[in-house]
C-alpha cells in the first residue's frame with residue numbers, strides 16, 4: 001500500500017490522473033499507516049522473532065511495546081475522514097491504475113481496514129495462547145498483555161464515539177481523558193428541591209449518551225445516521241455538561257438497582273440516571289467515585 005498507492009500519489013508521472021481535490025490528501029487517506037508499518041517492521045516483528053522457540057513468553061513483547069500500540073488509536077480516529085475521501089474518489093482512474101499494477105483483487109478500502117482488523121485480532125490471539133499456557137512460566141504476562149490490549153480497544157472504541165460529538169463549543173481535549181461513554185435513561189429535576197423524587201419518576205425519561213471525562217461529564221443526544229460504513233455511525237449532539245468539581249453522586253436510588261443519581265451544585269440540579277444493567281451502573285459509579293476522590 002505504501003509503495004503501490006501512497007508513494008504513487010507523489011509520483012510526477014501519475015500526476016495527470018490524480019483528481020486535483022485528492023492532491024496533498026495522502027495523510028488523510030492513509031492516516032499514520034506508515035508509522036504502524038515501521039513499528040511492526042523495525043520493532044515488534046523483531047521482538048516476536050526472539051520468542052519463536054518460547055511462544056508462551058510472548059506476553060512480554062506486548063507489555064514492553066504497549067505504549068507504541070496507541071498508534072492504532074490515531075489510525076482509527078482518522079478512519080472516518082479517510083473513508084469519506086475514498087468514497088468521493090473510489091472510481092478515479094488513479095486508484096484503478098494503482099490496483100491494476102499491484103494485481104490486487106480487492107480495492108484500496110479493503111486494505112485500509114486491515115489495521116483496524118489487526119488491533120481487534122490481537123486480543124483473540126492472546127486469549128487463544130492463554131488457553132494453552134495455563135501453568136506456563138509466561139501465563140501472567142500473557143494475561144496482563146490481554147488486559148492491556150483490551151484497554152486499548154476500549155480507548156479506540158470510546159474515541160470513535162467522541163469524534164462524533166457535534167455542537168460542543170469548547171475543546172474536548174481540555175476536559176482530560178475520556179474514561180467512559182454509554183447510553184442511559186435520564187430524569188432531571190432543576191427546581192431547588194421542591195419536587196419529590198417519586199413525583200419525578202412518573203415523567204418520561206430522556207435518552208442521553210453520557211461521556212465521562214476527568215474534568216466534566218457531557219450529556220448528548222444520539223442521532224442515528226442513514227448511510228453506509230462510517231456514515232451509518234451515530235452522531236451525538238451536545239446538550240450540556242457538568243463540571244466534575246461541583247458534582248456529587250448518590251449510589252442507590254430506592255426501588256431500582258440500575259439507577260444512580262448525579263447532582264450538581266449541592267443538589268440544585270439532580271439527574272437520575274438509569275443504566276441498562278446493574279453491572280454497567282456499578283462500573284460507572286466506580287469510575288465517577290475515582291474522579292471525585
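Numbering starts at 1 and runs along the chain as it is shown here.
Backbone N, Cα and C atoms are what each Cβ position is placed from, and that goes for glycine too.
Owing to the predicted nature of the structure, the values given are computational and were not obtained by experimental measurement.
So that you can see what the record holds, here are the features copied from TrEMBL:
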- 1-159: domain 'DH' (DOMAIN)
- 171-293: domain 'PH' (DOMAIN)
What does the DSSP secondary structure composition of the domain 'PH' (171-293) look like, as residue counts for helix, strand and coil? 30 helix, 55 strand, 38 coil
Taking every residue in the domain 'DH' (1-159), the average pLDDT works out to 93
